[in-house]
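**Q** Got these off Swiss-Prot a minute ago, pasting:
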ACT_SITE  Ser106  active site, nucleophile
ACT_SITE  His131  active site
Amino acid sequence: MSALETQALGMIPMVIEQSGRGERSYDIYSRLLKERVIFLVGEVNDQTANLVVAQLLFLESENPDKDISFYINSPGGSVTAGMAIYDTMQFIKPDVSTLCCGFAASMGAFLLAAGAKGKRYSLPNSKIMIHQVLGGARGQATDIEIHARDILRTKEQMNRILAERTGQPIEKVKADTERDYFMTADEAKDYGIVDQVIAKRP
């Protein structure tokens, strides 16, 4: 890949607005934030979680009674980072409407299901995947044992929340998350991860 192509991949479109006082340029994500739209694109990690949490809190302070739209296209990532987003979504006053555009896997699917009931959507050709928590403990046997216990506790916690959010029996969620469980948008609706599959805006 050429240097030019690499640079182009990192480019963020700018939007220019004109007013009586002149012109002002925004990056596209800042402009959409003005419309109460937040994007989660790519891996869930501490950096992306901090950005999403900050945007959620900012939009709540702007208007605690107006919904926030949360667009997700993510393969998942860190459980602790994802739980920071999840807890903030439940903590703030505005309803958070979620929409999968592309792929929502692992923590991405978990956050998709975390939206306000009745306001969780998927575009028709999106894919959703759930699975169990991944661990990568190394070190002394005692340390590995401590991490293993924590992973099992986290797995139980996430399965319980997913069961509550989807309406599925906990035993079914446990069985389905043992391995990668892929769903189409319609299958995710049947499962209870989303409430509606939409092809066009209402």
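Every residue, even glycine, has its Cβ placed from backbone N, Cα and C.
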**Q** Between the active-site residues Ser106, His131, where is the Cβ count within 10 Å the lowest?
**A** His131
**Q** Roughly how many Å separate the Cα of Ser106 (active site, nucleophile) from that of His131 (active site), to the nearest whole number?
**A** 6
**Q** Going by DSSP, is the residue listed as 'active site, nucleophile' sitting in a helix, a strand, or coil?
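**A** Going by the DSSP assignment, the residue listed as 'active site, nucleophile' belongs to neither helix nor strand, so it counts as coil.
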